[in-house]
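Here's the structure, in structure tokens; my notes come after.
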Amino acid sequence: MPTIIALDVSLSMSRPIPNQTTGTGGPGGSGSENVLTYHQLAIQGVNYILDYLSKHARLEFVSLIIYSSLYEVLVDFTRDYDTIRQALHKIEHYDKTSLENVLVAVNNAFKTHWGSQNYCQIIFITDCGVGMGPSSLKNTIINIQTYKAACVAAAAAATAAAAAADGSSKVATIGSAGSGAVVPQPSENQWVGFSYPSKLSFMCLGSLATDSAFRCGTKLYQQLLDVSGQKGQLFIPRMKMKHESSESAGDEPSPNVGDDGEDGLRQLTRASSLEAFETMCDTNYRQFEATLRCGGYFRLEDPITVWPAPLPYTARDLLGAETTKLMSRRLEVCGFLRMADIGSPMSVSRHLVLPRSITTSSSGGGSSEQTSEGGKGPSTNGGLKNGHGHSSAEERLEADIKAFYAKSDAGEHHAHDDHHGLDGADVNKESVCVLLHGALKVENMAALVLLGDSWYGFIYSYADGKKKWNLMLNVLPPGNDVVPWLGDLRYLGTLEDAFPGENPSFPIKADKRSYSQTIVVWIRQASLQSDIQKVLRHAKKLPEKTQHFYKELNRIRRAALSLGFVELLEGLANIFEREISTLPLSASPDCSMQLTHAAMELRKTNNRDLKSIIHALPTQYNQLG
């Protein structure tokens, strides 16, 4: 779940914060130390975000962008947060704020690196300047409203044209209406929303009580989120009132009031801005903590962290009704399958499964430790493990049995002495994640996990490019029959459940080999590369291989159009043009002519139809004319 931090570096961010001598909330002192600007608050906020991610989400990729009327990618996506901290000291201020330009830049930058399927956190740190002229925020909102209205009008025109047609010619009328009522496309520098799942957060530095321009700006920023339909939120520092400041402990509120009285407390301070950043981090980067359970009656369980946090899954039926499902906090291992049997099913998302250590708070001695139930000390039963109480008698009985078998023979049979070894219990405690990871890696298998009601996933051992092995959770779409070659996941059984003479192996193997079929499979990069190289080998043997060249070319083109991989057609055209310049002198003139013809045909929009076929160019060499 990558993160993009966009920092406003317009001239308004270089302003000093009003009434600093009375309301900075800083560490005290006078003189230059109290001269705090909006930019310095923003820098402190960025450092707070990086510190939070270093502690709770160390695998997060972060990019830093600065913007005013133009923008600059200061640091590209990286996990080295020290690089971003160093770049913060080299920032300079520029002219006015232009939010639309940087929104377009963020959209393009993320799609270039991560595509359109990944989820992105976008954080804007600004004083809510709205800009002026054609690039102002108000004009951006008007342009989005105009674009949305044009899309609605085009959809209404297409619907009306389809409804006016009779039953016999309905298909033809819909096709003509779809081609006549063209949906308007935004211009290159126009932002109408992000084309990938994302959350847009605005960190607004200012005071609603004393700054009228800030109040106007926050209204326009909220209107931008509402008009664009973008999921997001405005985080505004909460200003303490006079009675709240008098109740705060150890802050000496009376000097902070000063001559301005209550207005001094309603100004922006370092403490209130950092509190807003803390709220944003807790809201957007909250860890998904769960319990992984494995086994039958004597269950093994372990507290885990699923990273990144799984998003709610929203499914839409044929009637347009939406249903949202949340992943359970208790993941149940149902069984184990071979990786070869699972194959490559369609998945919703992938997550890392990390073991989570349970820390207990103590203030001096072991007798002061408290748990979540009635202030009692930690007991021998496993009911309070993972922070959950056992709600049923069966679970309490199961916890008692676990505690009985977990007792060692070294004199720890006294129930009153159990709390003394709690601090070191996690050090020598067995980890289900380690056990499961080692077994899955050695046996080359995956664990089928129940994620919720009729919702499954697979846990398997995964290694990245650095040969670091981790447990990976592959989340399937909700449903019991989402993997066609496995059937209903509720009815999977063991080999002992098979009938006599039945072959329980799956998936069912076809009689013909895959390379004799007309189906194109591009699960891996090598498959696509081999198909392209096959076309190029036929191209270098023209005109003898003219028919084979266009047969393979049409096969790849149909597969690309079926998958929506339209970019491949442009890439093939560029490859053909490059091959023309590298042809040897002994090559036939028909090679360059056919490659030029194929590149031109791939770029034509009328050849985007699956039924169309690219034919060879008749020349005197291939004798097709």
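The backbone N, Cα and C atoms fix where each Cβ goes, glycine too.
Residues or ranges marked as domain 'VWFA' in TrEMBL: 3-127. Per DSSP, the domain 'VWFA' (3-127) is made up of 57 helix, 29 strand, 39 coil.
Feature annotation from TrEMBL assigns region 'Disordered' to 241-264 (among others).
Annotated domain 'Integrator complex subunit 14 beta-barrel' per TrEMBL: 285-371 (among others), in sequence order.
As annotated by TrEMBL, region 'Disordered' applies to 357-392 (among others).
The feature domain 'Integrator complex subunit 14 beta-barrel' is assigned by TrEMBL to 415-479 (among others). Per-residue confidence over the domain 'Integrator complex subunit 14 beta-barrel' (415-479) averages out at a pLDDT of 76.
The domain 'Integrator complex subunit 14 C-terminal' annotation in TrEMBL covers 520-622. Secondary structure of the domain 'Integrator complex subunit 14 C-terminal' (520-622), assigned with DSSP and counted as helix (H, G, I), strand (E, B) and coil, comes to 67 helix, 0 strand, 36 coil.
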